[in-house]
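Engineer: Before we start, here is the structure in question, set down as structure tokens.
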Amino acid sequence: MKCIILLAVLGTAFAQRNGFCRLPADEGICKALIPRFYFNTETGKCTMFSYGGCGGNENNFETIEECQKACGAPERVNDFESADFKTGCEPAADSGSCAGQLERWFYNVQSGECETFVYGGCGGNDNNYESEEECELVCKNM
């Protein structure tokens with residue numbers, strides 16, 4: 001009986017703690033373009049979006065690490081198991097449609113090297129990596 005009660009309490013606490021992770025990205029009512037992260041239930045990953053600066057909901061984190069801690073970190077190795085050179089390494093760098101200023105890495109097929117570019121925070125293509133190491137792991141090992 002004590003085990004059942006303990007499991008019920010823990011399950012309720014976990015659901016309450018992470019319930020906001022199921023909320024959609026909400027830019028809020030203001031018009032700033034602040035890069036933030038939300039947990040995307042469709043992909044099971046923390047994804048960047050542009051936050052307006054006020055309003056919104058609790059599925060809104062300043063860093064990807066905060067988002068992953070609250071809602072679950074993806075297995076980075078598994079992210080790249082099905083990587084495709086044509087879509088993940090061949091396209092040119094694409095800044096996307098938002099106005100953020102994030103340093104990212106892309107594979108330049110002309111130079112055969114991973115290089116930096118400025119990512120706006122949303123949109124773009126799959127040739128977009130958080131680190132040089134991540135870019136090289138995917139594109140130089142294919």
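Placement of Cβ uses the backbone N, Cα and C atoms for every residue, glycine included.
Quantities reported herein were computed from a predicted structural model and do not represent experimental measurements.
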Engineer: In Swiss-Prot, Cys30 is listed as disulfide-bonded to which of the following: Cys3, Cys46, Cys54?
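Structural biologist: That would be Cys54, the partner Swiss-Prot lists for Cys30.
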Engineer: Need the cross-check against Swiss-Prot: the disulphide partner of Cys122, picked from Cys71, Cys89, Cys98, Cys139.
Structural biologist: Cys98
Engineer: Highest CB neighbour count within 10 A among the disulfide-bonded residues Cys21, Cys30, Cys46, Cys122?
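Structural biologist: Within the set of disulfide-bonded residues, the most crowded position is Cys46.
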Engineer: Give me the Cα-Cα distance between Cys89 (disulfide bond) and Cys135 (disulfide bond), rounded to a whole Å.
Structural biologist: 8
